[in-house]
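Asker: Once you've had a glance at the structure underneath, I'll fire off some questions.
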């Protein structure tokens with residue numbers, strides 16, 4: 001593997017000194033870029049794009065050609081794991097992901113097998129190894145998965161949900177069934193992420209997109225407990241250096257201390273959290289990633305630059321901050337505004353790293 005030319009992102013996650021704050025964007029390979037839309041049209045549909053390792057590599061690299069980003073993130077989807085479990089993933093126009101065979105009964109859960117990441121998910125591993133090779137040491141490659149709770153919401157609900165009625169009914173009326181599902185998912189995700197590291201991922205992120213839908217105690221029981229199980233089982237050293245792990249619960253500002261206790265290296269923050277407060281609470285234990293409101297990218301460029309300055313000042317001096325949005329970039333954002341955001345982070349952050 002080529003030697004890493006820019007390791008700023010990995011160093012910040014491990015709270016090692018950096019010359020400026022590293023930056024990348026969730027969904028940086030996505031629909032706001034015209035070149036992404038062209039490649040997706042070439043693939044035919046979203047899952048065909050994910051399953052073609054050459055095209056998945058192409059869209060992963062597209063934002064790096066435009067912007068001076070400090071990391072690449074594998075182009076894939078969190079629902080690859082349940083899809084590999086045989087649920088029949090498909091996408092309804094305007095409705096998002098759906099499953100032909102939801103796992104909403106204990107019998108369905110018992111029948112689920114844990115997918116072999118090199119077999120049923122081999123197309124993801126081929127994409128990881130292709131991207132790592134093509135990056136040629138330019139920046140680190142982030143691998144990722146959804147959290148067990150978040151994957152389970154789609155599997156039990158049969159797709160996206162605003163109320164989470166079915167999975168919450170299972171959580172409170174049939175907790176043993178849900179725990180069986182979450183346990184299988186934790187094992188599946190651990191294998192999946194370790195296979196990504198074996199194929200070239202240099203950092204890992206667990207996206208708990210729907211953890212914030214849970215009550216204070218239910219979050220620990222149904223989400224955090226299973227992310228902890230994954231963190232305990234991950235490969236944390238490869239290619240002669242540490243493989244940092246970031247946990248991100250959207251709506252998880254209440255639970256930063258508990259998340260920091262898992263042994264992860266960093267926490268992702270959504271835009272509702274005050275980064276200065278987060279650093280006071282958990283900055284002695286973990287690095288922090290975030291956390292500009294993605295909608296701020298619709299603002300005039302001077303306002304974006306002002307917001308970047310406020311977040312950098314909120315975090316303050318020293319390492320341990322990876323700048324990002326508080327969630328994925330919106331599809332209608334002007335690519336020039338995204339570029340101005342990235343430049344502003346680099347230009348304004350040097351003063352905090354003297």
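The backbone N, Cα and C atoms fix where each Cβ goes, and this holds for glycine too.
As listed in Swiss-Prot for this protein:
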type	residues	note
BINDING	27, 28, 29, 30, 31, 46, 77, 154, 209, 327	substrate binding site
SITE	77	site 'Transition state stabilizer'
Asker: How many neighbouring Cβ atoms, not counting its own, are there within 10 Å of the Cβ of residue 209 (substrate binding site)?
Answerer: 21
Asker: Of 27, 31, the binding-site residues given in the record, which has the fewest other CB atoms within 10 A of its CB?
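Answerer: Counting other Cβ atoms within 10 Å of each of the binding-site residues 27, 31, the minimum falls on 31.
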Asker: Using a Cβ cut-off under 8 Å and a sequence separation of 6 or more, which residues in the same chain sit near residue 29 (substrate binding site)?
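Answerer: Spatial neighbours, sequence-distant, of residue 29 (substrate binding site): 36, 59, 60, 62, 63, 73, 75.
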Asker: List, in sequence order, the same-chain residues at least six positions removed whose CB sits under 8 Å from that of residue 77 (substrate binding site)?
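Answerer: Listed in sequence order, they are 46, 47, 50, 97.
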